[in-house]
Amino acid sequence: MKYLQRLGKSLMLPVSIMPIAALLKGIGYWIDPTGWGIHNPIAALLIAAGGAIIDNLPILFAIAVAMEMSKKRDTAIVLSALACYMMMTTILSSKCIALMLQIPEYAVDLAFHNTQSAFIGILVGLIVAISFQKFDQKRLPQFLAFFDGKRFASIVSTGITLLISLIFIDIWPMCYHFFIWFGKEIANFGPLSAGIYGVLNRLLIPTGLHHALNSVFWFDVAGINDIGKFWGTISGGVKGVTGMYQAGFFPVMMFGLPGAALAMYRCARKENKKKVGAILFSAALASFFTGVTEPLEFAFMFVAPTLYLIHALLTGMMLFIAATFKWMAGFGFSAGLIDYVLSFKSPFANNILFLIPLGIICGLIYYIVFRVLITRYNIMTPGREENEVKKVEKVENNFDEIAIQLFEALGGKKNIISVDHCITRLRVEVKDISIIDKQTLSKMNFSHIVEASEHEIQIIIGTEVQFIAEILNEILM
């Protein structure tokens, strides 16, 4: 669980920049919902600007995970993560598969037409992080000395990425087609199929395989074509039926997840509320306005898998309810306010106003469930990290002086393995905790010092800990 919490924390930086990207893209879509920028240059600019971040989120995940999980701040890690991500996505691309199999690109399995997922980014980040943790201090024979240390770690991460990419060539299509088959099997269950689809749609988001399931219900893989029929671009729509695989997402994205965001904010420590409030508010706004939910979902997906499972179940329940009562709406972008308003134009919109009270109830359920579980089980959602009041005396914010004193007291380069931090706490991994100058540390008047294990010491500094940690990492480099 601790490892998953660290993984969740590593995603917070890229996630924090997503809301503004979602809003830019959403506003552009609102300006030109039919042409996606073709009919309006401002819309084209906004959609391109927002899409540049959203479409490349897996790359940001790869870099962020690699740096955070390796507990190192090094450009070599960034370059390795970027190189390994490009390698894996290129190998798994339809163009490369066509060359390897000596077939036309149009004949390549559909599974390879969209492999740039958050899952690939996170996987690559973990590969690089583990490689640098294990091999960045590796010494090679003298004639290979040039490839020592970080270079060797980069080579290892590249080799592992190549091996896993080759394995994925066989595994990925099997997983992809399994979910297409499963989607076709449940497609005739009426409202129940919408509920099952809603649950699986959310559960598969971390892997990227939700695209396979989406293709069954939203597009023409099984003849359902829910999106095309709802907007009238394809004939065969039935009022009260068409839209059943879309409508239930509106209560969740417009009200449910913002309710979860409010619960996480209310459960945050008082001293952290201002910081996490800005992230959660912007993410909730993006979810409500545009239907882009990743900033909120990735905030608790790995930190609290139980909460994410409940979120998936509630999503399925909302789709089932909307389909049962034939409250139909649809989207061209995602299930936010923009597409909700545009849905009124569709001839297949049915009792669409009922989605609002359903959404309000959904928001209350999310808020109550999340708040009760977070407080009862002390789940470390954003802002709940332990945070004591800082007592360090800083003269004119001289972080350099404090960092140097800490560096020497902790035993210098010979003893310090890595430096990490959360909102207020400095975490230092050392080789030998017994040689730390505890007398000097006590004189520095920190709020609290904890020996977490025989190789880790934690020092409560305050919200300015990030500056001291950055200086310490620069010294270690």
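Including glycine, each Cβ sits where the backbone N, Cα and C put it.
Curation plays no part in TrEMBL annotations; they are all automatic predictions.
Copied over from TrEMBL:
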type	residues	note
DOMAIN	1-386	domain 'PTS EIIC type-1'
TRANSMEM	12-31	transmembrane segment
TRANSMEM	43-65	transmembrane segment
TRANSMEM	77-103	transmembrane segment
TRANSMEM	115-132	transmembrane segment
TRANSMEM	152-172	transmembrane segment
TRANSMEM	244-264	transmembrane segment
TRANSMEM	276-292	transmembrane segment
TRANSMEM	298-320	transmembrane segment
TRANSMEM	327-346	transmembrane segment
TRANSMEM	352-374	transmembrane segment
DOMAIN	400-477	domain 'PTS EIIB type-1'
ACT_SITE	CYS422	active site, phosphocysteine intermediate
Q. Cβ under 8 Å to the transmembrane segment (43-65), counting only same-chain residues 6 or more beyond its ends: which ones?
A. 7, 10-11, 13-14, 17-18, 20-29, 31-32, 35-37, 77-78, 81-82, 84-85, 89, 116-118, 120-122, 124-126, 128-129, 292, 294
(Q) I need to check the long-range neighbours of the transmembrane segment (352-374): which residues 6 or more away from its ends have a CB within less than 8 Å of a CB in the stretch? (A) 247, 250-252, 254-260, 262-264, 266-267, 304, 306-307, 310-311, 314, 318, 321-322, 325, 327-329, 340, 343-344, 381, 384
Q) Reported in the order helix, strand, coil, what are the DSSP residue counts of the domain 'PTS EIIB type-1' (400-477)? A) 31 helix, 23 strand, 24 coil
Q. Can you find at least 3 Cβ pairs under 8 Å between the transmembrane segment (77-103) and the transmembrane segment (327-346), where each pair is 6 or more residues apart in sequence?
A. no
Q | Across the domain 'PTS EIIC type-1' (1-386), average pLDDT on the 0 to 100 scale | A | 89
Q. Going along the chain, which residues at least six beyond the ends of the transmembrane segment (244-264) come within the CB cut-off of under 8 Å?
A. 191, 194-195, 197-198, 217-218, 224, 226-227, 230, 276, 280-281, 283-284, 287-288, 291, 293, 296-297, 299-300, 307, 311, 314-315, 318-323, 326-331, 334-337, 339-340, 355, 358-368, 370-371, 374, 381-383
Q) Same-chain Cβ contacts of the transmembrane segment (152-172) under 8 Å, 6 or more residues past its ends? A) 76, 79-80, 83-84, 87-88, 91-92, 97, 100, 111-112, 115, 123-124, 127-128, 131-132, 134-136, 138, 140
